[in-house]
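Accompanying notes for the structure given below.
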Amino acid sequence: MAALDSLSLFTSLGLSEQKARETLKNSALSAQLREAATQAQQTLGSTIDKATGILLYGLASRLRDTRRLSFLVSYIASKKIHTEPQLSAALEYVRSHPLDPIDTVDFERECGVGVIVTPEQIEEAVEAAINRHRPQLLVERYHFNMGLLMGEARAVLKWADGKMIKNEVDMQVLHLLGPKLEADLEKKFKVAKARLEETDRRTAKDVVENGETADQTLSLMEQLRGEALKFHKPGENYKTPGYVVTPHTMNLLKQHLEITGGQVRTRFPPEPNGILHIGHAKAINFNFGYAKANNGICFLRFDDTNPEKEEAKFFTAICDMVAWLGYTPYKVTYASDYFDQLYAWAVELIRRGLAYVCHQRGEELKGHNTLPSPWRDRPMEESLLLFEAMRKGKFSEGEATLRMKLVMEDGKMDPVAYRVKYTPHHRTGDKWCIYPTYDYTHCLCDSIEHITHSLCTKEFQARRSSYFWLCNALDVYCPVQWEYGRLNLHYAVVSKRKILQLVATGAVRDWDDPRLFTLTALRRRGFPPEAINNFCARVGVTVAQTTMEPHLLEACVRDVLNDTAPRAMAVLESLRVIITNFPAAKSLDIQVPNFPADETKGFHQVPFAPIVFIERTDFKEEPEPGFKRLAWGQPVGLRHTGYVIELQHVVKGPSGCVESLEVTCRRADAGEKPKAFIHWVSQPLMCEVRLYERLFQHKNPEDPTEVPGGFLSDLNLASLHVVDAALVDCSVALAKPFDKFQFERLGYFSVDPDSHQGKLVFNRTVTLKEDPGKV
């Protein structure tokens with residue numbers, strides 16, 4: 001049908017010309033609306049009135065199952081369905097009853113077919129609603145929420161026409177209140193402002209009590225409760241767009257509900273061939289968080305189907321990271337737990353003519369739109385014998401595979417289900433020499449564990465068709481796969497292969513090098529798990545891929561550490577200072593608050609002796625304008641001591657380098673307040689401090705247009721600076737690995753596992769927020 005004819009048809013249905021043109025841009029909607037209109041005209045034998053046309057548009061735009069189009073059009077054309085509430089009920093009914101035949105008696109009862117709502121009934125329902133709210137209505141007049149009255153009337157008269165209810169409400173309110181006065185036309189500023197202020201107070205209180213981030217971002221749990229509205233309820237998988245319904249579906253879902261009791265079940269299924277990274281933190285939060293938000297359970301399932309690349313250290317590290325982020329799996333499972341069942345199902349696929357043994361080499365299978373395998377139509381009995389021979393080790397690696405008979409969404413034909421590998425498995429030993437692929441294993445393991453929501457990243461969308469196909473081909477419970485966007489960071493690589501290259505070339509020490517964005521690296525650097533979870537909450541769950549700046553993650557880290565990391569003082573590049581008139585014979589004990597903003601969190605004690613050490617940068621013989629720290633004629637305060645020091649003599653070595661300073665001190669309250677107070681240490685511990693910068697110079701080190709030489713050419717050679725002889729106050733003497741501190745004026749630091757008795761090692765986690773007043 002020509003576009004002009006379609007435009008004329010759509011406007012004749014009651015659509016505005018603009019709406020009709022917008023509809024024409026959507027080919028699927030246009031085709032469905034044309035078909036609905038054609039069928040309606042055949043039923044009516046005449047033109048379609050506007051009311052019927054609008055319902056047909058609503059049907060065409062909202063109906064997912066096109067098999068039901070004719071059925072519903074017949075009800076609309078015959079006026080058995082003639083209101084929007086009836087259409088909504090009809091669409092919900094066919095969505096909830098995906099199998100034929102439809103029970104028309106039950107359908108008509110659920111959709112209000114034949115129910116007549118008289119004007120008198122509408123009048124009575126509206127009058128009753130107005131009487132319930134009369135006092136408030138008389139006070140607020142036309143500022144009252146009239147939608148409340150319409151909602152209450154509609155609740156009583158489910159099948160009443162909404163327009164008729166609105167007209168009746170308008171008429172009765174006008175009769176009660178009379179015409180609008182000038183005050184009724186004014187905007188409701190004061191009331192709105194009062195409500196907004198109350199909302200702000202409640203929100204602020206919630207943020208404090210729930211420990212959320214300072215910008216009052218919704219927690220991921222709260223977001224997932226919202227996302228839950230978009231997901232199907234357990235057992236209602238068929239309501240998900242694109243879900244494939246077979247004659248066995250409803251019975252399988254019934255059995256599924258009997259097993260799970262309607263419980264939400266998710267899973268986090270990592271491959272144990274590498275360390276988890278920041279993107280996995282989002283997946284962990286999403287899967288565990290969604291289950292928790294809905295009182296469900298989450299499995300930790302290792303996809304251990306590739307024994308060549310799996311190592312015990314990766315299993316341990318993954319379990320540790322899940323626990324570190326604060327989550328406890330309902331059960332830790334392995335794909336290898338189900339190898340026997342997976343093999344039995346593979347045999348069944350062959351018996352059903354849906355899989356075959358193929359001898360094409362790997363390079364022949366690569367790419368899309370490849371030619372069909374010459375072995376695709378080999379006899380089922382032959383494939384059974386050959387698959388058994390594969391299991392018994394009678395083929396070399398790459399000599400035979402088992403392939404499934406389907407074409408995936410991305411055009412890939414007949415994905416491999418099993419391949420030969422003569423590598424012993426870490427759990428099953430040498431029992432198997434054939435191993436299932438991800439495409440074969442993933443959906444069937446989800447089915448075995450009765451997962452309700454299989455949440456995975458967007459790159460698996462092309463595998464959704466094979467996911468549904470395989471479960472349905474075997475007539476087993478089919479979960480719903482839902483894809484979301486990956487989380488990436490600028491100035492980072494997270495690919496396992498590329499991290500291995502970084503380790504192999506010595507660019508980083510290992511998977512937990514603090515310059516990486518693996519979770520073990522972030523933990524070693526000192527990032528608190530709460531900060532990572534808060535960061536995931538800020539990013540949220542979207543379908544689009546998200547690439548974030550590292551400073552946003554660092555802001556979350558500061559928010560947490562500001563409240564949890566006790567203060568200490570450390571000096572990185574020290575300068576010796578001798579106080580010539582020290583006010584005590586030996587030393588003084590200084591009480592320093594662990595958290596200066598909240599002294600109820602306690603104090604720690606540090607010595608203050610005649611010799612102290614300050615940062616070399618806190619002294620200048622010839623200061624530039626605006627320099628506020630120690631200089632000739634410019635005293636400076638020592639934090640927490642109550643004393644001010646003033647320069648008397650500069651001691652230099654043979655090369656002219658300043659070796660020490662001699663100063664005098666006075667009470668801070670005994671004279672003019674100094675321009676600045678600096679940190680210091682006395683009788684300190686020597687320690688090693690590692691200062692980290694970005695590992696890469698460009699935002700997208702893997703982008704060949706930005707970094708033509710490849711990511712290894714983009715390394716920042718100054719990404720690590722080690723201070724071997726830093727000094728720190730004695731309050732940290734008993735610190736353990738991963739303990740965290742704020743070194744005053746320097747940043748947040750964490751104790752590294754390389755620490756040993758006699759020398760602590762600190763990693764700088766993040767710097768402090770920039771102080772514009774510091775010079």
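Glycine residues also receive a Cβ, built from the backbone N, Cα and C atoms like all the rest.
Sequence annotations record features per position, and here Swiss-Prot assigns N-acetylalanine to A2 based on experimental evidence. As annotated by Swiss-Prot, phosphoserine applies to S70, S495. As annotated by Swiss-Prot, motif ''HIGH' region' applies to 270-280, with the evidence given as a curator's inference. Among the features that Swiss-Prot reports, ATP binding site is placed at 271-273, 277-283, T457, 486-487, 494-496. Marked as L-glutamine binding site by Swiss-Prot: D303, Y438. Annotation source Swiss-Prot lists N6-acetyllysine at K309. Sequence annotations record features per position, and here Swiss-Prot assigns motif ''KMSKS' region' to 493-497 based on a curator's inference.
Of the listed recorded positions, namely H280, K282, K309, the sparsest Cβ surroundings within 10 Å are found at K309.
Relative to K309 (N6-acetyllysine), the binding-site residues I278, H280, Y438, S495 all have Cα atoms farther than 10 Å away. Taken as a whole, the motif ''KMSKS' region' (493-497) shows an average pLDDT of 89 in this prediction. For the recorded site, Y438 (L-glutamine binding site), the DSSP three-state label reads helix. For the pair T457 (ATP binding site) and D303 (L-glutamine binding site), the C-alpha distance works out to 16 angstrom. Assigned with DSSP, the residues of the motif ''HIGH' region' (270-280) fall into helix, strand and coil as follows: 3 helix, 1 strand, 7 coil. Over all protein chains present, the Cβ of T457 (ATP binding site) has 17 other Cβ atoms lying within 10 Å.
Of all the recorded positions in the record (S70, E271, N273, K282, L487), the one with the smallest CA separation from Y438 (L-glutamine binding site) is E271. Distance between Cα atoms for E271 (ATP binding site) and D303 (L-glutamine binding site): 5 Å, as a whole number.
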